[in-house]
Each structure stands twice: as structure tokens, then as C-alpha cells.
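Notes for the one structure printed next.
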Amino acid sequence: WAGGYPEIVKENELFERYYRELGIVPAGEWGAFMAALREPLPATLRITGYRSHAKEILHCLKEKYFRELQDLEVDGQKVEMPQALSWYPEELAWHTNLSRKILRKSPQLEKFHQFLVSETECGNISRQEAVSMIPPLLLNVNPHHKVLDMCAAPGSKTAQLIEMLHADMNVPFPKGFVIANDVDNKRCYLLVHQAKRLNSPCIMVVNHDASSIPNLLIDVDGRKEVLFYDRILCDVPCSGDGTMRKNIDVWKKWTTQNSLQLHGLQLRIATRGVEQLAEGGRMVYSTCSLNPIENEAVIASLLEKSQGALELADVSSELPGLKRMPGITKWKVMLKDGQWFEEWKDVPSNRQTQIRPTMFPIKDEEKLKAMNLERCLRILPHHQNTGGFFVAVLIKKSPMPWNKRQPKVHQKLLQRTGDSEVPAASSDNGSECVTEDPTLAENEESKKKQELQNSDTEQSKKEGVCGPPPSKKMKLFGFKEDPFVFLPEDDPLFLPIQKFYALDPSFPKMNLLTRTQEGKKRQLYMVSKELRNVLLNNSEKMKVINTGIKVWSRNSDGEQFGCAFRLAQEGIYTLYPFIHARIINVCIEDVKILLTQENPFLSKFSSETQKKVKDMAMGSIVLKYDPDPEKPDDLQCPIVLCGWQGKTSLRAFVPKNERLHYLRMMGVEVFKAKRKEEESESKTAEEVQHRLAQTEEEMDVEDKEHDLVTKMEAEAGEESCHSPVESTAMEVENKIEDLDQSSKNANSHVSQESKDTDKSNVKE
């Protein structure tokens, strides 16, 4: 730009000297390697695999959006047709030669870009770097696995792990769960945003230093046991020299000093990971660096001190089609001034704080051979037009040697929890008491908690309160989170809900929770019973940022319709299998009306729908669309929507991006409607397009919506007393907020909505 910033020169002599010497690039390929690093990274996307409509999105992408890119030229560059990643299962990941910058800025690609942004918001697509997709695939997660993601933000890999848990969409509560951790409090909220798009009751976001993440306890048949994970993803902080194609400033800032400083932290995090891994479990260690100091040196050191408890898995047959280089067994250490060291004994004493013995390769040839370091994977950028990456898959065969000598610690643990296990036998609900009492009994260090123990023990037992850690621990960093309060079994709140929606007797009501101890409960959330177990047993030692999905929202006027809580769209796929009343089956034309018109009158729907609605009381309803196999041109995946039945109208409570998603899948053009929002409010040629634009505006402005509903009801000649009921009931879940009238007692489930979460430092 004229008078702007000078362009970063993509040269670094030390970088070239270092990697030429190490020989990680095959002979004759150095030129191609450097040329690839200087090219911008192509845009890649991944379709969320567990959704029932993944095939529909794939079909839409192939037949519509990709075809429109054919023969297109942008800034003199011909746009290549997007290609499926050959190694990713079921054609669910794609890449194109378009860089992210061109995709954002080019007017010809605006429609495609808008599609990507909208579908990403819905959780149907993840815009994720190709190499970043590899570690979760190599973890081989099954729905019953307990998974720990140690350094999870910003959350694209976490999203993949959640998808794998929900491989079977017919099972609303898989037995497994994902605990996603990050040390940075602000990045945790970005992680929450990513995870919430997938609407899973099996994800918990926590905020800890991964190198000292605490052991968690779970209740197993009345006994406290340490939680060991079946799968651990250990994607550690790194120097990031494999990301030069998208993080251009790495060219200027790269030095070997970064790797030397990070090596110790990476080794501590990996060690903590394998300590918490179950026997027979699998841990994937990964970095976006090419440097052996951060990669093979960490793995070799970990294998050496494990004394045979760990082994590198041979994954050469997994992910066929992925071009990879084997791990190396010989490397040297270089200081930022260019000085090389081949062995620890050569390092002068004044340098021994910077360079550590674990950074050097093992000298014992037999030990080195037994480690099988060649089983590691190094992805080079020029092989498949990607970023640089390193992956190692570890299997735990037996406890770590330093853990074998700890029976005394286990005995102390049992003694400490033993006193609290006594009341369990005389309790009506044994499991809950067992999990509650330690929460109160062990909190002696805090006076406030001691008072609460003396005065409110019974109440806390009853409510299933899983509060934040003691104030002493809360001073460390970040925001103070609201407590997690499980609904007691005899809570009068639940009975009208159960009756109104005819919930199945198998509905796990013990898994319902709120985020407030006092005042009206405005939102009800749901977790799986396994996460409930984790929450109740570890409230003191664990800083939980977020867990659970919203399933019901309080409707201020709902009580006069028989139930004070309406269904929430984000939790409807989890709830639907348990609901036996207030379900209306609708045809595809009805779905289009619901999604394109803000508050359509009943007369606009099919006669079948009108008959079903006629005998149903006003209030929250479920709208279900089942595909007709005899009409292959229609949408071929089921849809479940939350709705509201008024006196003379029917409407859907669906967030804006989700509306657009379903309309795209049904072949309704939504791009033009978006453009028309900016024009005057004159009538368009197509009524559907006009109403969709109107809907989008209304969902953004609460007052405008209120005026419209009041006006429509006045025109319909409805009773004046009904108007405020409808207007307060006509909430739209735009993103994750309700448009209910705010109350002082309301507690937001996602605390970042009310806090400034500065995302400027977040690394993509």
C-alpha cells in the first residue's frame, strides 16, 4: 500500500541454516519446501460429521457453491475447483487454492463467504487448517471414551472430539465426555463459543495450567476413585514455525531460542498427560512446529523416563492418502547465535540453564532403536500444500514408574473421604450425599464456606450445589463463575414441565442444573450423568468455565398456559426423544412458512397442520419434519424445531443462522434477501424473500419485533389482553441470548456474554 506498512520479507537465514543442517527435508526437495512456505495457506473447511444433515450440506456445497466457483478469476488468479482431502473420511474435509484473505475481500466470492460464515455459526462447518484435523482422527475416539483435551483453545480440535462422541445421533447421552482445558482464561470463552455450536451435553470447559491439571475424583458405586482418561489430546504450546504460511510475522521473529524455552513446558505437559491416561489408553502429542527439540526430544525423554510403560503406536496404516515423513533419530542443538552442540557434555556451564540434557538424542543405540521414533509423523508443507505439523501417538501399557509407588497416597485419600461416606447408607439418595458431603466437609480453609456448612448443609445437599472453588483459589486469575446447582429430585419446578410435555419416565431429571442459587430459575441446562458425577465430586479443585446445554427457558407469561418454561432450540435434539406431547408433524411447505415468516397465521398452513393445532392448548410446541423417501428432490434429513402456538398463529423459535441453514438445504435462495436488507422497505418481486429479510431485521431489534407482533394482532382483531402475552412469548433465540424481559436475578449461563472478552490476543 502507498504509505502503508512495508511488506514482510519472507527470508530468515538462521531458519534455513538450521533446518538444512538437521536434514528434515528429503534431498532435492529444499527448493520446493521453501517455495511452499512463502505461498499463502489455502482455505480449508470441514463439515461437521455427526449431524444427520452432513450429507445434505455436502450435496449443497458440491452441486451449488463449488459449481459457481468454476471458471472464476479473482485478481487475475484462476479459482481451482475445491478438492476433498484424500485422507479425511467420507469427503467431509475440503481445500481450495483460495487464501482466506481473497475469500474475505473478493466481491465475486461474497456469496460463498457468507455461506461459510453462516454455516460456521450454526456449527455445521468448521473452517480449520488441514493439518489441525489430524490429531483427533488418530485418537480414535469412541462414544464411551472419557477424553481430556489439555490445551484446547481455540477449540477446532475439541469440536472434532465432540463429533466423535456423538457418532450415533440416536443416542442423546453418550457414556463418554470431553473435558476441554486451557490455561488462558480469555481463550476459554472462545473455546466455550466453539463448543456450544455443537449443542452437546457431554462437554465441560475448565481453566487450569495443563502441566499441573488436578486429579479428578468420581463416584463409583459409592467409592471415590481417581478419574483416568481413555483418550488425551496433548496439543502443546509451540514456536509455531509450521504456521509461517498464515502467521507471516514468524519469518521475522523466528529463532532457536523459542524452542529451547518451550521444551521444558512441553515435556511437563506431556508427562502430566500420560499420568492421567488409563492403562491401554491413547495419547496424541502434537505441535505445529518442525523442530525436533519440541518434538522427538520431548517424546524420547518421555519414553526414557516411562521405563517401558509407554510405547509409540505404529499409525502408518491409518489415514491412507496422508503424505508423511518419519520421525528422526539424530539431531543437534543450536543457540540463537548459531553455535551448535551435539552432546550435553559439550555445553559450557554458563549455557546449561538454556540447554538441558533432555534436548539431546539418546546415545544408547539399543534404547534408541527400541523407542521406534520413526513412528512419529512430520507433515511438510510442500507435500500436500498444507502447514507444517508433528504428531506422535502414545499407548500406555502400565502405570508410570513413579505412580507405582503410591499406595500410601491412595490410603490417605480413602481416609479423607471415608468420614463423608458414612451418611450415604441412611440417605434417601446415596449417590448425591456421597458426592455432596466432601464438597462441604473439606472446605475448612475458608470461613465463608465454614459458615455455609454449619447453616445450609441440608439445603446444599438437597439442591445439589456444585459451587466455585474457595475464594482463596479464585484470586489467581479470571472471572468468578456462577455455581452449578443441580435440580433436587423433589423440586416443584419440574412437575409442571413433566406433565406439560409428557416426558418419558426414563428422562434423567437429576441431570438438570441451573446457574443460580437464589431467586427465580430462568434457564434450565442439562449435562450427561457422567459429567454430573465429575461436577459434584470436584467443585473445590476444578475451575469450571462452562458445561451443559440449555433445554428450557422461563417464559414470563407461560404459567397461564400450563408451564412456565418453553423449549430451547439448542437443546431440542437432546430433549426430543423424551417428549411425548405437544409434537406437530409438518410438511416441507409448512417448514418454509415457519422459517420465512415471522408470525404466520394458522390459515397459511396445510389443512393437516391446522387440524393438529386446533385441539392443542397454547404454549411451547415441537415442530417435526420427516423426509418423504418418495420425494427425493425434497430435503432428505429430519428437522426438529421449537415453536410457539398462539391463539391464531404459529411460529418457530430458531436462531437466525439456523433459519438460513435450513432454507439453504431446502433450496431457498437467501443471499438476495440479505442484500435487500440494505435497501428501502419497498415490496420485492418475491414475497418470500421480502419476509425473510424482514425476519432478519426483527431478530436483531427487539423493539421492532414487539411493534410488529402488536400490530399484527391488532389487525387480526385479537383480544387486547392477549397482546402482551404473545409479545413476551414471541422471543427469538438470536445466538445464545433470550429476548425475555431482563430480571435482576437472571444469571447468564455463558459468563462471557456480560464480560469483555478481549479476543485480540487469540491465536487462530
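Every residue gets a Cβ built from N, Cα and C, even glycine.
Record features (TrEMBL):
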ACT_SITE  CYS288  active site, nucleophile
BINDING   CYS151, ALA152, ALA153, PRO154, GLY155, SER156, LYS157, ASP182, ASP209, ASP235  S-adenosyl-L-methionine binding site
COMPBIAS  674-694  compositional bias 'Basic and acidic residues'
COMPBIAS  703-714  compositional bias 'Basic and acidic residues'
COMPBIAS  742-751  compositional bias 'Polar residues'
COMPBIAS  752-764  compositional bias 'Basic and acidic residues'
DOMAIN    33-397  domain 'SAM-dependent MTase RsmB/NOP-type'
Ask   = Sorted by position, what residues of the same chain at least six away from CYS151 (S-adenosyl-L-methionine binding site) have a C-beta under 8 A from it?
value = ASN181, ASP182, VAL183, ALA210, CYS234, ASP235, VAL236, PRO237, ILE269
Note = ASP209 (S-adenosyl-L-methionine binding site) sits from the residue listed as 'active site, nucleophile' (Cα to Cα, rounded, in Å) at a distance of 20
Key: Reported mean pLDDT - the domain 'SAM-dependent MTase RsmB/NOP-type' (33-397)   = 91
Remark   = Residues near LYS157 (S-adenosyl-L-methionine binding site) by Cβ (under 8 Å) yet at least 6 apart in sequence within the same chain, in sequence order, are SER132, MET133, PRO135, PRO136, ASP149, LEU233, ASP235
Ask   = For S-adenosyl-L-methionine, with binders CYS151, ALA152, ALA153, PRO154, GLY155, SER156, LYS157, ASP182, ASP209, ASP235, what's the maximum Cα separation in whole Å?
value = 20
